[in-house]
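As given in TrEMBL:
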type: COMPBIAS; residues: 27-36; note: compositional bias 'Polar residues'
type: DOMAIN; residues: 58-283; note: domain 'Anoctamin dimerisation'
type: DOMAIN; residues: 286-742; note: domain 'Anoctamin transmembrane'
type: REGION; residues: 17-40; note: region 'Disordered'
type: TRANSMEM; residues: 297-323; note: transmembrane segment
type: TRANSMEM; residues: 373-392; note: transmembrane segment
type: TRANSMEM; residues: 449-475; note: transmembrane segment
type: TRANSMEM; residues: 495-516; note: transmembrane segment
type: TRANSMEM; residues: 664-686; note: transmembrane segment
type: TRANSMEM; residues: 714-738; note: transmembrane segment
Amino acid sequence: VAKDVNIFFDELEGVNSPSKDDDSLLHQGNLTSTSDDASRLEVVGEEVPDKNKANGLYFRDGKCRIDYILVYRKSNPQTEKREVFERNIRAEGLQMEKESSLTNSDIIFVKLHAPWEVLGKYAELMNVRMPFRRKIYYLHRRYKFMNRIEKQISRFRGWLPRKPMKLDKETLPDLEENDCYTAPFSQQRIHHFIIHNKDTFFNNATRSRIVHHILQRVKYEEGKNKIGLNRLLSNGSYEAAFPLHEGSYRSKNSIRTHGAENHRHLLYECWASWGVWYKYQPLDLVRRYFGEKIGLYFAWLGWYTGMLFPAAFIGLFVFLYGVTTLNHCQVSKEVCQATDIIMCPICDKYCPFMRLSDSCVYAKVTHLFDNGATVFFAVFMAVWATVFLEFWKRRRAVIAYDWDLIDWEEEEEEIRPQFEAKYSKKERMNPISGKPEPYQAFADKCSRLIVSASGIFFMICVVIAAVFGIVIYRVVTVSTFAAFKWALIRNNSQVATTGTAVCINFCIIMLLNVLYEKVALFLTNLEQPRTESEWENSFTLKMFLFQFVNLNSSTFYIAFFLGRFTGHPGAYLRLINRWRLEECHPSGCLIDLCMQMGIIMVLKQIWNNFMELGYPLIQNWWTRRKLRQEYGTQRKPSFPQWEKDYNLQPMNAYGLFDEYLEMILQFGFTTIFVAAFPLAPLLALLNNIIEIRLDAYKFVTQWRRPLASRAKDIGIWYGILEGIGILSVITNAFVIAVTSDFIPRLVYAYKYGPCAGQGEAGQK
């Protein structure tokens, strides 16, 4: 009986080793996902499952499921490295098959399959938790009378309208891993685990994770550093590496009548479709398909969005309170009536003397955001930030228990291949496991951290220098706008200065972010973190510090420094003895702070949403357009799954970093200066409702399937959220005490105003 091609090649490998890329496994691509090969079928003498062949998720024999895809170009010169790497892959027990691309014969797809023996061996090494016993729920013995009452209550509930946010249980499958206790897989105790079918015992996400683990530890050249798939991707030996999506996310048949075609289709219909924007997320399905790490991100994002509802409602109430009390505000009334009070010019040249009544509109707009309810809202948001974090702890504990993450510890994490390669010469015994492992000397670690900290400090100084440049721009352009030929701009020179400064500041923020990313990546790699989570935490902290300072430095300047050091008529303070420092408007600095926050928050959310979905959509549309031009629309559906996935966009190189960073910076905007802009939580809520479905749509339809990975919490982001919560209490207190006119208004009302010392409580 002839053996499978993969085994056949393994036997030939010892006889002769070719000097170029081994193409004995290579099948020419054709417009069916895996077309029949009549001669091969006759030799093998086995019946090929047509269904498996047709869906493009299996090898050409229709039996071996594709667990991972590698992509390279024939014209790439790194042939020898690939050859050694692939030989070592087969030595680990993985089966391999190659196929050329349908659209470009230079592109080769390497399909990898892990047999049961390999999966079992590495699942035990990686401590993969698998179901071993079904959960039994013990119920207390009930009396017949109580049972009848419960039946009546449940029947009455059936008449009540169902919660619209709940998902339809009929469309969701029962997930075995949620109904069973799990334990680290062990081949010695294999009889304890629930194995109905060896092919489906490990789900697709787990299989891909195991194969990726193997690929990260396979050598491609002699030498300590010549190890791992990541290095081959970085030096261009391979173009891409990814697990496959489980078929198409669309179906001609309705999910209600015919059920879901696959888990991807189910996720699209129940989660990523815009028609279910008001429903809860199917987090168990997300976790099964994308892994615990991505599942926890969406759990946190959903929880944050839900907690924004009370904050948005109170913020809207504060704004509406300002609208309703606008005509009764004594301060804005007096400002509007002060036609005989002359104010000094706000700049040296071109700025005229102005009447106090000219700032009537600004006084009224300021009252919309800075009114009697603002103090209450600032206190509420300080409490809300703390309650949000404490309640998230409870929610995370529930999820960790349901997903069996309680016992998963960082000790089970593998050492990064780069760390292993760098420090493999220095080994010491691990006191816990009793095994030798690479060791980084304390002096080496400290020196690397000092260099990294110096780089962070330098980049923060660059941000402060950029803010100083914006300050100079504001000082110089006030006079320019005051002499502008258009009356609208000439009469509102301060607003024009603030508006243009904010827009320029936003452009500088976006440009510096690109630079920060490269610097943070260099400094993190310089530190040589031991595990992947340490690398992510280090990179995250640097990028957050850079972007937080970059985004909020101008806001801090406007809130606490603008107009504080201007001097007075006859003795103005000047910048470089030339330019007069900028003053606040007669109605206060809060309107400038409000404009800064509103413009940057709206622009940043629009830009982020475009980059997250609009950019991949345009790229994928362009790819499909080129394919249609070459092959025609009638042949498009016959592309195999690996070809379709290759034409999708790869997930961000830093995983969920951009998604978390966007939300954490938004959390800072909704808490730190919320006293100046009460509508921030409402804008955040509206954005997040869109963001959840937008991210879901992107993960399911626009991106290649990311590698499933485990995590028990949101990592360093929780500590950052706690820091923002503490900072928000301090900044809101200072905004009310320093930036806002709340205290001067109280002093005026009770000491100097027209009603000072008159009337009693209850008599206005």
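Keep in mind that glycine also has a Cβ here, set from the backbone N, Cα and C atoms.
Cβ atoms under 8 Å from those of the transmembrane segment (495-516) belong to residues 459, 462-463, 466, 469-470, 473-474, 477-478, 481, 484, 489, 543, 546-547, 550-551, 554, 582, 592, 595-596, 599-600, 603-604, 607 of the same chain, restricted to positions at least 6 beyond its ends.
Non-local neighbours of the transmembrane segment (373-392) in the same chain are 300, 303-304, 307, 310-311, 314-315, 317-318, 321-322, 670-671, 674-675, 678, 681, 718, 721-722, 724-725, 728-729, 732-733, 735-736, 740, 742; each lies 6+ residues outside the stretch with a CB under 8 Å from one of its CB atoms. For the domain 'Anoctamin dimerisation' (58-283), the model's average pLDDT works out to 81.
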